[in-house]
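K.L.:
What follows is a structure written as structure tokens; I'll ask about it next.
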Amino acid sequence: MAALAAPGLLSVRILGLRTAQVQLRRVHQSVATEGPSPSPSPSLSSTQSAVSKAGAGAVVPKLSHLPRSRAEYVVTKLDDLINWARRSSLWPMTFGLACCAVEMMHMAAPRYDMDRFGVVFRASPRQADVMIVAGTLTNKMAPALRKVYDQMPEPRYVVSMGSCANGGGYYHYSYSVVRGCDRIVPVDIYVPGCPPTAEALLYGILQLQRKIKREQKLKIWYRR
């Protein structure tokens, strides 16, 4: 019975999605043609005026964020599934360069239990999808950093940990220090501090997961 009822439920969901799209289009058209709603007259009750104010200040989703067809709806759900798998299995590549690496080791210890977020540290860049640059990046180390980054499979992300990795830190004016690892590799998350605590790096990992959750790569590819 469940197998027979599944197609019916799917059709009801798709029809509900279509009606929601039609309603949103009508709301956008009415707002564009009629303009902002006039202020309520004094004769209206307080309840009606409150409802009209709430309707005027309501946030309507943009049409560009909604699926335009059944195929795009399927692509959107597939995008959500892929993003869930990626953010739930982040494998960082350890690239400790200075004292920030000690706090990175602290975060990887059993106290914070990073396994519950799917974070597993790998020693090989070919098995990692996240690079944590922890410490001062010198000019001699910059080519090695770029080479390791190029060996990581797509999609890959970079977390810049500490003031030295973010912008040079104490050694900003040194002749032998790169003033920010974002001059060598693209950075997704910046973790401030000198050195940042293990909790700060943990918060940066959580922010990276939120960023991955918002990605819409398949949807952008499909709309091309």
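Keep in mind that glycine also has a Cβ here, set from the backbone N, Cα and C atoms.
Annotated transit peptide per Swiss-Prot: 1-35, in sequence order, evidence recorded as similarity to another entry. Annotated region 'Disordered' per Swiss-Prot: 28-50, in sequence order. Annotation source Swiss-Prot lists phosphoserine at S39, S41. The feature [4Fe-4S] cluster binding site is assigned by Swiss-Prot to C99, C100, C164, C194, with experimental evidence given as support.
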K.L.:
What does DSSP assign C194 ([4Fe-4S] cluster binding site), in three states?
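P.N.:
Looking at the DSSP assignment, C194 ([4Fe-4S] cluster binding site) belongs to neither helix nor strand, so coil.
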K.L.:
Using DSSP, would you call C99 ([4Fe-4S] cluster binding site) helix, strand or coil?
P.N.:
coil
K.L.:
Out of C164, C194, which has the highest number of nearby Cβ atoms, where nearby means within 10 Å of its Cβ, if these are the binding-site residues?
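P.N.:
Checking each of C164, C194, the winner is C164.
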K.L.:
Among the binding-site residues C99, C100, whose Cβ has the fewest other Cβ atoms within 10 Å?
P.N.:
C99
K.L.:
Excluding C99, C100, C164, C194 themselves, which residues in that chain have a Cβ inside 8 Å of the centre of the Cβ atoms defining the [4Fe-4S] cluster site?
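P.N.:
Close Cβ neighbours, site residues excluded: A98, A134, G135, T136, M161, G162, S163, A165, G169, G193, P195, P196.
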